[in-house]
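Enquirer: Let me begin by handing over the structure; questions about it come next.
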Amino acid sequence: MGFRLSLLSLAVSLVALALAGVAIYRNTYEAMIMNNGSLLQNISPDIDSLESGEVSILILNDKKKNSDKYLSQQLTQESCVFSAVKGVVDSAIDNETRMGASLIRLHFHDCFVDGCDGGILLDDINGTFTGEQNSPPNNNSVRGFEVIAQAKQSVVDSCPNISVSCADILAIAARDSLAKLGGQTYTVALGRSDATTANFSGAINQLPAPSDNLTVQIQKFSDKNFTVREMVALAGAHTVGFARCSTVCTSGNVNPAAQLQCNCSATLTDSDLQQLDTTPAVFDKVYYDNLNNNQGIMFSDQVLTGNTTTAGFVTTYSNNVTVFLEDFAAAMIKMGNLPPSAGAQLEIRDVCSRVNPTSVASM
């Protein structure tokens, strides 16, 4: 009898265990369904493990720390570059105020021909390479090359192991020149590359000329994706600096109504200079005031008042210098981001006036 009771007790225990197993399986299965098929386990506190959420947080924290560290290093490097260039530019303008306008113009003449690629900085090589410097719009006209060379060397000396293109340095120099002369500063993003060539004929065909009528000017700026308003704003760069008498005070280039303002010798030598407005060392709105009074020096400037749309922008800038300065800064950012020609061979030049030894300059 006792033996039978033992067997019955054992059978009941086995049934109970089986039922418990079914219950556990059912609860686990339901938990999986409720959690989109993911089995959530409670890990015993005496096991030296971390839950997946904690692991993810640690990974994200590590990534953020690495990202913050990289960003901090990048900002430090960029700050070094900006400081090195600014020191050279400020010194150059202190020595010669006109240099500020020259650096702004140099940047414009670089970017407007096949994008901001430093092509204008390449020296000619006798018999093998003719670049943009001696193209008619630039010959004996664009200047400031020595300042860019000094700024490049300053970056090399002050910011070791930082590779910055000559095109970037030129963009920074133009921005700092504008600020130095009283214009509105703006952000210059780094990352441009230097071309291994330049475009002699492109400088002739793409750059605006003093003799261009309004239709031609609008087309040239439209080709670079500038609006008419941006074109009129960028023309305001002529509120600072000088131009050669032989360029602006000759028939076809000069505004006939303002020709008497030309303070040039009878021979019109390249050393004779004509200021472009009455405050050539200050970035202001006087240029537009002069246009409204039909006293713009260059023909291409004065024709801006000959069209209802462009004349409206001239009046806007003449009436509100703040609007002009804001529009000019925005247009300079856009110009400074003009990309190099598709398929152009690019590098970061060691010396701005020549391609690296591994490259070969070509027309």
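Even glycines carry a Cβ here, placed using N, Cα and C.
Since we're looking at a predicted model, the values are computed, not measured.
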Enquirer: Out of ASN42, ASN199, which one does Swiss-Prot list as N-linked glycosylation site?
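Expert: Annotated as N-linked glycosylation site in Swiss-Prot: ASN199.
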Enquirer: Select one of THR239, THR316, THR322: the residue that Swiss-Prot places in the Ca(2+) 2 site alongside ASP277, THR279, ASP284.
Expert: THR239
Enquirer: Check for me: which candidate out of CYS80, CYS111, CYS245 does Swiss-Prot give as the disulfide partner of CYS159?
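Expert: So the cysteine that Swiss-Prot bonds to CYS159 would be CYS80.
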Enquirer: Which ones are near ASP117 (Ca(2+) 1 binding site): of the recorded positions CYS111, CYS166, ASN263, ASN307, which have a Cα within 10 Å?
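Expert: So the list is CYS111, CYS166.
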Enquirer: To which of the binding-site residues GLY115, PRO208 does the lowest count of other Cβ atoms within 10 Å belong?
Expert: PRO208
Enquirer: Can you list, in sequence order, the residues of the same chain other than ASP110, VAL113, GLY115, ASP117 whose CB lies within 8 Å of the CB centroid of the Ca(2+) 1 site?
Expert: CYS111, PHE112, ASP114, CYS116, GLY118, GLY119, ILE120, ALA167, ALA195, LEU338, PRO340
Enquirer: In sequence order, what residues of the same chain, 6+ apart, have a Cβ less than 8 Å from the Cβ of CYS116 (disulfide bond)?
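Expert: Listed in sequence order: HIS107, ASP110, ALA167, LEU170, ALA171, ARG192, MET335, GLY336, ASN337, LEU338, PRO339, PRO340.
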Enquirer: According to DSSP, which of helix, strand or coil covers CYS111 (disulfide bond)?
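Expert: DSSP assigns CYS111 (disulfide bond) to helix.
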